[in-house]
Amino acid sequence: MTILTVQSSFSSSRVPVIKNANFDQIPSWVSLKSSTSSPSVKISHKQGQVENLHLVSLSKHRKLNEAFEFLQEMDKAGVSVSSYSYQCLFEACRELRSLSHGRLLHDRMRMGIENPSVLLQNCVLQMYCECRSLEDADKLFDEMSELNAVSRTTMISAYAEQGILDKAVGLFSGMLASGDKPPSSMYTTLLKSLVNPRALDFGRQIHAHVIRAGLCSNTSIETGIVNMYVKCGWLVGAKRVFDQMAVKKPVACTGLMVGYTQAGRARDALKLFVDLVTEGVEWDSFVFSVVLKACASLEELNLGKQIHACVAKLGLESEVSVGTPLVDFYIKCSSFESACRAFQEIREPNDVSWSAIISGYCQMSQFEEAVKTFKSLRSKNASILNSFTYTSIFQACSVLADCNIGGQVHADAIKRSLIGSQYGESALITMYSKCGCLDDANEVFESMDNPDIVAWTAFISGHAYYGNASEALRLFEKMVSCGMKPNSVTFIAVLTACSHAGLVEQGKHCLDTMLRKYNVAPTIDHYDCMIDIYARSGLLDEALKFMKNMPFEPDAMSWKCFLSGCWTHKNLELGEIAGEELRQLDPEDTAGYVLPFNLYTWAGKWEEAAEMMKLMNERMLKKELSCSWIQEKGKIHRFIVGDKHHPQTQEIYEKLKEFDGFMEGDMFQCNMTERREQLLDHSERLAIAFGLISVHGNAPAPIKVFKNLRACPDCHEFAKHVSLVTGHEIVIRDSRRFHHFKEGKCSCNDYW
């Protein structure tokens, strides 16, 4: 009996380990043959049968590293490699898309087999096409002395997939002209390769040949034609063929429904589903996933729940292919509790499932839960995380202003090569910008080879949010000079920068040139930004005139921006008008009550102020609770108004009382509308006081405080005063921008 003895595992020092399909650092075949290191495998015979069986086994298990090393040992032992072994090896190279290995193997095959069969050469051809190396495939195709339907189908499909349609059509026409009758399987393969609108004409030609060949009754080909027309964007043709099908297979149904959904016709997809249910068409799990996506795009919660009931009845909700779309559906319908329940039913959640639930936490503003889930999953099964998951965590960290965790996640993503696309890098820029780490944001941006418009816009927005208006405008000009065309969101960022710096003329110029110079039509959002610029600058009459003359009816945000300016500049008359308009357009927005209340109390109109509070109570509205937080030694400390739950509460209030003697000085005057005791309880003051008692060293880092709402004027003055008295730099990020307090001054110059 032949025995194969394996002494030890193969040494990774001899042949680089293949870790993924993108591996390209592969030694030449000559270096493999000339290796002088001691063999790790000893072969006890030269008959070759067992050796080839072992080689086939390694190939089928996709262990190319070990297979190549074993080939070296077979060479040393004088054992030849069979054609079947080569076929299996090329199949492994094809599936792993390892072009470098495939080329080495092809060179070796040429040396070892004088006249390879057409079957073996087709394996090589398929490998080159799958690895998207048409140059190698073309060369081999021309060299082949014998061609069959598989050879031609492989090349035609490869040309079609890569958009080289003239060659695909030419080869297909030549095959027909030669009298060869294509097998039905060839049509199915060709139809799968036509995946974009440019291939539609070629697809119609194939459809015509199918009709001439009398293959219209072939269900697989009919399904292929339906899906081909969907992928090429001709839904009318797809529906026409679908309606003529005698037997409507689920694959054809789902293909058409996917086409409808992707084309923004989700309601047509649902109608098709309902019609086919009535006809008694059988369904599989993929059909349900497509229907749920259509329901999600329309936010059809009730219909989606009915689909869920069908899924549960069939026992499919534990399957990841159905459970994940269910989770996504409920999240998009803002039914997060149902999404969590659906997630818990999935037997083995995959990376898409986890990404969906973490993204759901972010959409529901449960950012801490998103980070907590990510950390837990990372420690248990890091391999299940994908680039979308990391992008969601970057978003969560940007809202939480947690630069420490954000930096750790960033490092982990780099280590695992999961930063992903430029979208992920743009999310990083936003995260670092909103955490107040512009140097890190700049480093990410500068590391990008060709930043797209999303990255440019994120970087400009970061500087606008930070209060660096001049830098934001400089970046905009640089972006344009690089040939990048700004989009609607880019102009929002530029106008925001102008607003935060009181740059009225620059804002007007930006709005005027949007359409004229850059062919970007301004929307109501851009006009609202301009209203904000006027209002912040105290140009309330100009703002009102602008609102009357703009091509849109003022919306709730228009009046909210105007009302905010009225409060900042204490214009009660215009503030009353703005408040009334805002309450009419959006009666649920508390700003329409709180800002007029502040104006009335400032003016001493107590009855009118009480009326505002009465309206809020009648409509069961509550002002959003102010919350501020600060990081110390990696831990986040949160404070709300009047907070007394912090372990260091006594020290915090004692620190605040140290400034009590200055509260009646010339620099800091409390508004008449609030008592001094109430001001002491404001969340940002509590956070600042905690920061002061936590600082260490002679040159401590700035005290960074983050707040969910706009900083109140009194606390803004308080922070300026503290920075002067203590010498500490204080940074506050509120809902609008960053404030840098140093030596009694703020970077915003009171534009906020």
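A Cβ is built for glycine as well, from the same backbone N, Cα and C atoms used for every other residue.
Feature list (source: Swiss-Prot):
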REGION    558-633  region 'Type E motif'
REGION    634-664  region 'Type E(+) motif'
REGION    665-752  region 'Type DYW motif'
REPEAT    47-81  repeat 'PPR 1'
REPEAT    82-116  repeat 'PPR 2'
REPEAT    117-147  repeat 'PPR 3'
REPEAT    148-182  repeat 'PPR 4'
REPEAT    183-217  repeat 'PPR 5'
REPEAT    249-283  repeat 'PPR 7'
REPEAT    284-318  repeat 'PPR 8'
REPEAT    319-349  repeat 'PPR 9'
REPEAT    350-384  repeat 'PPR 10'
REPEAT    386-420  repeat 'PPR 11'
REPEAT    421-451  repeat 'PPR 12'
REPEAT    487-522  repeat 'PPR 14'
TRANSIT   1-80  transit peptide
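DSSP labels the residues of the repeat 'PPR 7' (249-283) in these numbers: 27 helix, 0 strand, 8 coil.
Same-chain residues lying 6+ beyond the ends of the repeat 'PPR 3' (117-147) with a Cβ under 8 Å from its Cβ atoms: 83, 86-87, 90-91, 93-95, 97-99, 102-103, 106, 109, 154-155, 157-159, 162, 164. Broken down with DSSP, the repeat 'PPR 12' (421-451) shows 23 helix, 0 strand, 8 coil. Look at the repeat 'PPR 10' (350-384): DSSP puts its residues at 30 helix, 0 strand, 5 coil. Across the repeat 'PPR 1' (47-81), the DSSP tally of helix, strand and coil residues reads 26 helix, 0 strand, 9 coil.
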